[in-house]
Amino acid sequence: MIAFGALGGTISMVSGDESGIRPSLGAEDLVTSVSAAAGVRIRTATLQRVGSSSLTARQLVETLAWAEQEVDAGAAGVVISQGTDTLEETAYLWDLLWQRSEPLIVTAAMRGPEQPGADGPANVLAAFTVAASPGARDRGVLTVLDDQIHAARWVRKSHTVRTGAFASPGAAALGLLVEGEVAWTATTPRDPAVPAPDRAALAAADWPWVPLLEFHLGDDGRLARAAVDAGAAALVVAGSGGGHVSIPASDVYAELARRVPVVLAGRTAAGPVLQRTYGYQGAEIDLIARGLLPAGWLAPLKARTLTQLLLAAGADRDQLAAELARRGRLPR
Ligand code: ASP
């Protein structure tokens, strides 16, 4: 048996009386056309009906708790459908907390069900196939869209409209679906789950505000300071290139790093934040020496998700630094 939970997103959106498509269909509607082809028993649950930008931390933890209960009740795997817009964040959050061997698959659609060539049914069917695949066990959370399988740790939404919008920049897809079967093409090391309080406590926790700020020419750090003054518990800065900011911004970030954890990620599409190449003011050696915590290979949204989760789970700055170092590194 595979459990299927629906959260909303384009895959569920149809046009009603008002303009534009909106979340509407539930889990049962999404499996109707594919359940026979899936060849496994499917248990459905409509968990939310929202655009994925409105998903809250509480809803995400409750969804995780639902998935865990389904596995405890005998599900061989779990599939969650949601919107594509924030899938790279939700899948990674669940991946950080998912401790089971059973696969947790996240899928979605780029085209609504009323559009020609709607990709929802094919994606849901492919997700069921991967969820039932023995080779998917012990791989953590995976995403399945456009017949490609990606690790939650790497996947990013890389296009606003194409059905092949999901990619793992700087890494490889883990596999693909061919003639209804899963072909695995890569493995990825799996870090242990983040130690966190029980799900009810985590869902009820006051999740701290951790804004992500992207550096741009002319950025002097004003927005970062305003964010900390307004209560940010930590900052993630997506620096240019290998993790660089301007000279004025570097002074502000160095000052802020004495007040809250400041994580240094990179705004470039792929590759890690550097640690020991550039020595000018505002470059990575200077920023790290002045207290910023490098995110390694974690993309800015992944680093932000990890930072917020750890703080919500009660981690201090040293624990955050250790987890960023561990989860941001690649084996050498
Ligand atoms: N455009 C989005 C999607 O692909 C809407 C959302 O993320 O909910 O589903």
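Just so you know, glycine gets a Cβ as well, placed from its N, Cα and C.
Bear in mind that TrEMBL entries carry predicted annotations, made automatically and left uncurated.
The substrate site recorded in TrEMBL comprises T84, D85 together with one of S52, S54, S101, namely S52. Taking CA atoms as the reference points, T84 (substrate binding site) and T10 (active site, O-isoaspartyl threonine intermediate) are 8 Å apart.
Other residues of the same chain near the substrate site, with their Cβ within 8 Å of the Cβ centroid of S52, T84, D85, are G9, T10, G51, S53, Q82, G83, T86, L87, A108, K157.
Farthest C-alpha pair in the substrate-binding residues S52, T84, D85: 7 Å apart. If you draw a 10 Å sphere around the CB of T84 (substrate binding site), it holds 23 other CB atoms from the protein chains shown.
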